[in-house]
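*Asks:* Following this message is one structure expressed as structure tokens.
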Amino acid sequence: MSGCSKTCKLGFVKCAQTVFKLITGTLSKDKIEDELEMTMVCHRPEGLEQLEAQTNFTKRELQVLYRGFKNECPSGVVNEETFKQIYAQFFPHGDASMYAHYLFHAFDTTQTGSVKFEDFVTALSILLRGTVHEKLRWTFNLYDINKDGYINKEEMMDIVKAIYDMMGKYTYPVLKEDTPRQHVDVFFQKMDKNKDGIVTLDEFLESCQEDDNIMRSLQLFQNVM
């Protein structure tokens, strides 16, 4: 690994650790202040004001995230391999590679093979502080692996299996091999209201908001983000 690649990876790991604290609620306001002092860049990042207007993060939070993501990674982008390595650190008792693959491609909205800071922070804003409707639309996009505007059963199965694999033994100490399939069968049957073999965005939104069991299951996704 080149020196530049190592620096980029370490910078993004630091950013991801900060994000993980934000997600789990362990990064307090005072801690954000401390992190900011340690990581403040000497100039104002270009476009930060626009991101503040477009997201639900404060300027100080964006500066902390920016420092971890871009100031130590001059290219300003992260590739899929680095993304996978980061997720592997957070879930050492499972296999996070497939879930990280799907999540990376959901972040990479332009399908360029890399995630820019703007892509990263925009998605985080939705997942951490967006409305229920915004979170559900983003989740639908994640499950729509081939981006054809629909979710089929195999796509849902691929995502659910990837989540189970990533969480490892701490999520399911005694897991039968067919458990993910059973969960998908139940949820897909509820969502596919006209029984045409696919779930549309409208069906997905309606099903999630009217069924507490589905909403509780989707909270697992938000927690592992």
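Quick reminder: no glycine exception, Cβ is built from N, Cα and C everywhere.
Heads up, TrEMBL stuff is auto-annotated, nobody curated it.
Features from TrEMBL:
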- 95-130: domain 'EF-hand' (DOMAIN)
- 131-166: domain 'EF-hand' (DOMAIN)
- 179-214: domain 'EF-hand' (DOMAIN)
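Help me understand the surroundings of these features in the structure.
*Replies:* Proximity of distant same-chain residues to the domain 'EF-hand' (95-130), defined by a Cβ-Cβ separation under 8 Å and at least 6 residues beyond the stretch ends, is recorded for 19, 22-23, 47, 51, 54-57, 62, 65-66, 69-70, 76-80, 83-84, 86-88, 138, 141-142, 145, 158-159, 161-163, 165-166, 168, 222, 224-225.
Residues 87, 91, 94-96, 98-103, 105-106, 123, 172, 175, 179-181, 183-185, 187-188, 191, 197-201, 204-205, 208-209, 218, 220-222, 224 of the same chain lie 6+ residues outside the domain 'EF-hand' (131-166) yet bring a C-beta within less than 8 angstroms of a C-beta in it.
Remote same-chain partners of the domain 'EF-hand' (179-214), defined as residues 6 or more beyond its termini with a Cβ less than 8 Å from a stretch Cβ, comprise 132-133, 136-137, 140, 143, 149-153, 156-157, 160-161, 164, 172.
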*Asks:* Please average pLDDT over the domain 'EF-hand' (95-130) for the predicted structure.
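*Replies:* PLDDT averaged over the stretch: 90.
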*Asks:* I'd like the per-state residue tally for the domain 'EF-hand' (95-130) from DSSP, helix first, then strand, then coil.
*Replies:* 24 helix, 3 strand, 9 coil
